[in-house]
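Undergrad: Below, the features straight out of TrEMBL:
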| type | residues | note |
| --- | --- | --- |
| TRANSMEM | 61-82 | transmembrane segment |
| TRANSMEM | 110-131 | transmembrane segment |
| TRANSMEM | 143-164 | transmembrane segment |
| TRANSMEM | 202-225 | transmembrane segment |
| TRANSMEM | 237-256 | transmembrane segment |
| TRANSMEM | 268-291 | transmembrane segment |
| TRANSMEM | 312-335 | transmembrane segment |
| TRANSMEM | 355-380 | transmembrane segment |
| REGION | 404-454 | region 'Disordered' |
């Protein structure tokens, strides 16, 4: 009998010793875990292959990676409801604990969960939406996706609490787990008591793989799309380079102490900075770009004026609530020393340990580095250190229907090269199927589709009316 296994449960022992082979604390590196390194390489290889052709390949893969988890969750829910004690777990789920709702950490993690689930602040939503047509009903999409996300969260939580209710009825387990422990210890341990448990285990972990890959597709798309559009590099080379770099960084997490770094990054690189980024995005649109101008843009796209409710939410209520949440989170973090849950091999228990001084420095660096690009790029543009002509990128300015400036690179083969600084009457006729011109409502101009890659989804309006208001352009 292995003492570590005897003192803990079989599932806990397998997770910490066989799967992670974890060290006693974050300061002990312990070298790479070769099994997890191979898995990391396989995962990034799948991401690279799915993304190498851009939206054409990732979009098709997303159909499967998005729909398969729903199938598994529904099957799990149906099976879990037939288990003894599942109703107890669901009853516990819907029993409110008001004292917990007064903690800032709960609200911060809830906000982070929403940001993660909806992809807010990562750039993935912006990247995918750039492929939409100009008149796409983004209002309907936003409402639909929000409701689907809400019901998905409820569905997943029902499954988890039904299974945990079953586990609580068959095992007198007093330890509460969260994060990776919930999926790989508590949920897995409960599944070992299912009838036909190997089948449910395989389905569960296939679902986890799909969820992970689906999240990565959106995240990588948010990185690749702006880089490809700005620097006109081949997406194949950039995709491979990005995945190789990400794999290299990921080696930090597959060493024997890697799970502690996962906790560190999850707590300090993915929660607080994400909240700050979303606040900056909100303030930039509502106060710097102008909420009235933004609503006019939406009216032009949607064909109707958005509800006035959004005006007050975007300009006042949302930024104030997010700032209050941010301030309370900062206060809580300063009052609570950064810590992590470590697995002590000799005692076969988890202990809360404080990060060493270098670990605290890394935590602070993670928060600062994640939000630094915003003020840095702002300062560079404000003081004209960089501009839109950097690297010979194409710049187009319009005023009253005339092209003021256009400087495309000679090697560009996209539709922007159709325009060469000429007045509307001198612009050549659009090529069939590839034009970026659109029809002005109420005019007799030619109406064709916008560019299929979405980068010119708003379209260029070449008007023959010399005194047309700029707002119509």
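Keep in mind that glycine also has a Cβ here, set from the backbone N, Cα and C atoms.
Provide an account of the burial state, proximal residues and distances for the features listed.
TA: Residues 50, 152, 155-156, 158-159, 162-163, 166, 194, 200, 203-204, 206-207, 210-211, 213-214, 217 of the same chain lie 6+ residues outside the transmembrane segment (61-82) yet bring a C-beta within less than 8 angstroms of a C-beta in it.
Under 8 Å from some Cβ of the transmembrane segment (110-131) lie the Cβ atoms of residues 55, 138, 145-146, 149, 152-153, 215, 218-219, 221-226, 229, 270-271, 274-275, 277-278, 281, 322, 325, 453-455, 457, all in the same chain and six or more residues away from its ends.
If you look at the transmembrane segment (202-225), the same-chain residues 6 or more away from its ends with a CB under 8 A from one of its CBs are 43, 46-47, 50-51, 54-55, 58, 61-62, 64-66, 68-69, 72-73, 75-76, 116, 119, 122-128, 130, 183, 187-188, 191, 235, 238-239, 242-243, 246.
Beyond the transmembrane segment (312-335), the same-chain residues lying 6 or more positions past its ends with a Cβ under 8 Å from any Cβ of the stretch are 103-105, 107-108, 111, 272, 275-276, 278-279, 282-283, 285-287, 291, 294.
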Undergrad: So, do the transmembrane segment (268-291) and the transmembrane segment (355-380) meet, by the test of 3 or more Cβ pairs under 8 Å (sequence gap 6 or more)?
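TA: They do touch: at least three Cβ pairs between the two stretches lie under 8 Å.
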Undergrad: Would you mind listing the long-range same-chain contacts of the transmembrane segment (237-256), meaning Cβ under 8 Å and 6+ residues beyond its ends?
TA: 20-23, 28-33, 36-37, 39-41, 44-45, 47-48, 51-52, 54, 220, 223-224, 227-228, 262, 265
Undergrad: What else in the chain is close to the transmembrane segment (355-380), if you only count residues 6 or more beyond its ends and a Cβ gap under 8 Å?
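TA: Cβ under 8 Å, 6 or more out: 26-27, 264-265, 267-269, 272-274, 276-277, 280, 337-340, 386.
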